[in-house]
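What TrEMBL says about this protein:
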| type | residues | note |
| --- | --- | --- |
| DOMAIN | 6-172 | domain 'Glycerol-3-phosphate dehydrogenase NAD-dependent N-terminal' |
| BINDING | GLY10, SER11, GLY12, ASN13, TRP14, GLY15, PHE98, ALA154, ARG269, GLN298 | NAD(+) binding site |
| BINDING | LYS121, ARG269, ASN270 | substrate binding site |
| DOMAIN | 194-338 | domain 'Glycerol-3-phosphate dehydrogenase NAD-dependent C-terminal' |
| ACT_SITE | LYS205 | active site, proton acceptor |
Amino acid sequence: MAPKSVCIVGSGNWGSAIAKIIGYNVQRQPDAFEKKVKMYMYEEIVDGRKLTEIVNTDHENVKYLPGIKLPENVVAIPDVIEACTGADMLVFVLPHQFVKKVCEQMKGHIKPGAVAISMIKGFAITGGGIQLISHIIAQELGTECAVLMGANLAKEVAEEEFCETTIGSKTDSTGQLFKDLVETPYFRVAVVKDADTVEMCGALKNVVAIGAGIVDGIKQGDNTKAAVIRLGLMEMIKFGEEFFPGSRRNTFFESCGIADLVATCHGGRNRMLGAAVVESDKTIQELEKEILKGQSFQGPLVAREVCSMLEEKGLCDKFPMFVAVNKICQRVMDPKLFISCLRNHPAHL
Ligand SMILES: NC(=O)c1ccc[n+]([C@@H]2O[C@H](COP(=O)([O-])OP(=O)(O)OC[C@H]3O[C@@H](n4cnc5c(N)ncnc54)[C@H](O)[C@@H]3O)[C@@H](O)[C@H]2O)c1
């Protein structure tokens, strides 16, 4: 079989870290992959120069992943159609809000038989509920779309610190192909078939992380935080059972589940938000402006949509943490009452 050509769609913090891995891996496997890796980069001017030009001459994404050299065979391209044309493998690593628009541009330019993977965490909020990003990509482009999620902070991965990740792929061949593309001695990959659960974990962990932040805000200790993490995990499992039939419990014990949950509940933006919600009276929007300066917190949006799905099905009683986090984010509940909502959790009955 001819070597496969790879296009990375996205080039932010995580996009650049994964580009480093892919750039080196394709060179190690010349029979399997083409050497040139095309990376779609949304054009920006940094210090008077185009970011694509900086990446292609200095081999460093100085804006999104400063201090890390990218392999020279990774080529930044500002036109997504040029980048994706002819690619056999598409790696999606854009912030979720840009996915639909970028897919619309790519439509009609995808090589027949191409396969995709989404490394994008979060749900698309449709108003009528939630939609998995990999499903949007598959629908828009007519390709199979696997997912990759895990406790994978981009900076640590780029610095080659050991971690694990999970690929969810409904077909074995696609899962193996992407594993070959991204696995390294410091980035270990497990492949599972339960792709929807893998992706769901990547979004729901942000709701639990707000709960962990509230624990910090109300000055409770490690025992309480561990209880919140465990109860959050139980609600994630239950949510899978209710809304993603066929969801397997084992998937929650992969990196995409418990490991990403623990990492996010100790670091990360949504944990920070949970602590801030206790310490000030500001709205989520005000806190967003103050803490993130223009970006948005995923957790409150996911909590709101998840809770409207729970309400519709009359399931709120079974998910006291998701419900409490949502109410606290909406400012209709005092964060000091968070723990009392968990005392009679269904997981204790
Ligand atoms: N950063 C991490 O540590 C990490 C780890 C694992 C997964 N992820 C996931 O990866 C995804 C991407 O995150 P990131 O951290 O790389 O993002 P980022 O915030 O670093 O990058 C933002 C990217 O969006 C691009 N962009 C800005 N406006 C755009 C537009 N209008 N159209 C298209 N692109 C535009 C920017 O050029 C930049 O490349 C997210 O879903 C995130 O959850 C991130």
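Positions of Cβ are set from backbone N, Cα and C atoms, glycine also.
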- prompt: Do any of the binding-site residues GLY12, PHE98, ARG269, ASN270 touch ligand 1, in the sense that the CB is under 6 Å from one of its atoms?
  reply: GLY12, PHE98
Field: the residue listed as 'active site, proton acceptor' and ARG269 (NAD(+) binding site), Cα-Cα, nearest whole angstrom
entry: 12
Statement: For the domain 'Glycerol-3-phosphate dehydrogenase NAD-dependent C-terminal' (194-338), the DSSP residue counts stand at 113 helix, 0 strand, 32 coil
Task: Please classify the secondary structure at GLY10 (NAD(+) binding site) using three-state DSSP.
output: coil
Statement: Of the recorded positions LYS121, LYS205, ASN270, the one whose Cα sits nearest to the Cα of PHE98 (NAD(+) binding site) is LYS121
Field: Cα-Cα distance linking LYS121 (substrate binding site) and GLY12 (NAD(+) binding site), given in Å to the nearest integer
entry: 14
- line: Long-range Cβ list for LYS205 (active site, proton acceptor), cut-off under 8 Å, min separation 6+ in sequence, same chain only, gives GLY232, MET236, ASP260, LEU261, THR264, CYS265
- line: Long-range Cβ list for GLY10 (NAD(+) binding site), cut-off under 8 Å, min separation 6+ in sequence, same chain only, gives MET39, TYR40, VAL91, PHE92, VAL93, LEU94, PRO95
- request: Report, in whole Å, the straight Cα-to-Cα distance of TRP14 (NAD(+) binding site) from LYS121 (substrate binding site).
  value: 11
Statement: A correct count of other C-beta atoms within 10 Å of the C-beta of ASN270 (substrate binding site) gives 25
Query: Sequence gap of 6 or more, C-beta under 8 Å: which same-chain residues meet both conditions with respect to TRP14 (NAD(+) binding site)?
result: VAL93, MET119, ASN152, ALA154
